[in-house]
Amino acid sequence: MLNNQQIHQSVLINEVIHNLNINPCGNYLDLTAGFAGHSQKILEKLTTGTLTINDVDKESINFCQKLFFKNNNVVIIHDNFANFPVHLKQLSITKFDGILMDLGVSSHQLNQPNRGFSFKNDGPIDMRMDQSNQKNTALTVLKNLTEQKLSLILKKYGDIKHPKPIAIGLKKAVQTEKNLTTTQLAKVVKECATGFEKYQSRNYLAKVFQAIRIYLNDEITNLKTALTFIPNLLKNNSRFLVIVFHSIEEKIVRNFIAKLTSFIQPEALPIKLTPAYQLITKKPILPSQKELELNPRSRSAKLFVIQKN
């Protein structure tokens, strides 16, 4: 069995462990376990504490089950993190000392041609986070979308400045080519690119693939849903850590933090009140130069740390 470092390099591991402020007897929740990079490090810090790990990807879950099959301190759940509250009944835990969300796509997912997440490998246009339960692939969705709707998706989730030519080209390609692949899709996008975007092909392609993936997996809705219940899962003096990778996620998380930490100190009181929630660091934590050199894919990662007092 390959170890998790051979499959995927989790970002900001040292920073995550430091900021979780782990209690060896505490209960922790990793809502996006992936290939257990963060989870394994959390578990190393626990004695009688527990770790609940969740992931939507069955391949990740299978890996974690093999990795932790002898560990009674670990509970593994296969589901989208937006559905996590329905699983609380099977747990003896209702609140946690720390919760982690890493919103990035794993290196393993990107590197596997059959997953269809990357334009660098030729494979089916799949892009499903949950291949075991999701029926529609990205190719199916592209076939069913109108040019207008696809254009809106590219602009909203990929920040594509001139999405219409791309949408027209993609619709024509999926209708005329029976078994269109990821590299063929990338070729269509390159041919349809206009203006300045034509000269930023790699970044541009990544944004197009990102937009399709986000829409297919309903990532934004799922993130917003999770953020509504996470505060209720936190104990007092616990922390919530979230790692974002693109501006859409970051905006949602920043708005969430702003509302959660909004607090006005009453002037009339003789003592200062402690806000219910606070940011541990005013600015998001970024990867070190050493990590950037070892793992260039970490360059977009930003870690936010919120404490419930």
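Just so it is clear, glycine is given a Cβ too, placed from its N, Cα and C backbone atoms.
Under the heading S-adenosyl-L-methionine binding site, Swiss-Prot lists A36, G37, H38, D55, F81, D102, Q109, citing sequence analysis as support. All chains included, 26 other C-beta atoms sit within 10 angstroms of the C-beta of A36 (S-adenosyl-L-methionine binding site).
Our reading of the S-adenosyl-L-methionine binding annotation (A36, G37, H38, D55, F81, D102, Q109) yields a largest Cα to Cα distance of 18 angstrom. Ranking the binding-site residues G37, D55, F81, Q109 by the number of CB atoms within 10 A of their own CB puts D55 at the top. Around H38 (S-adenosyl-L-methionine binding site), the same-chain residues at least 6 positions away in sequence with a Cβ under 8 Å from its Cβ are S10, I13, V16, I17, D30, L100, D102.
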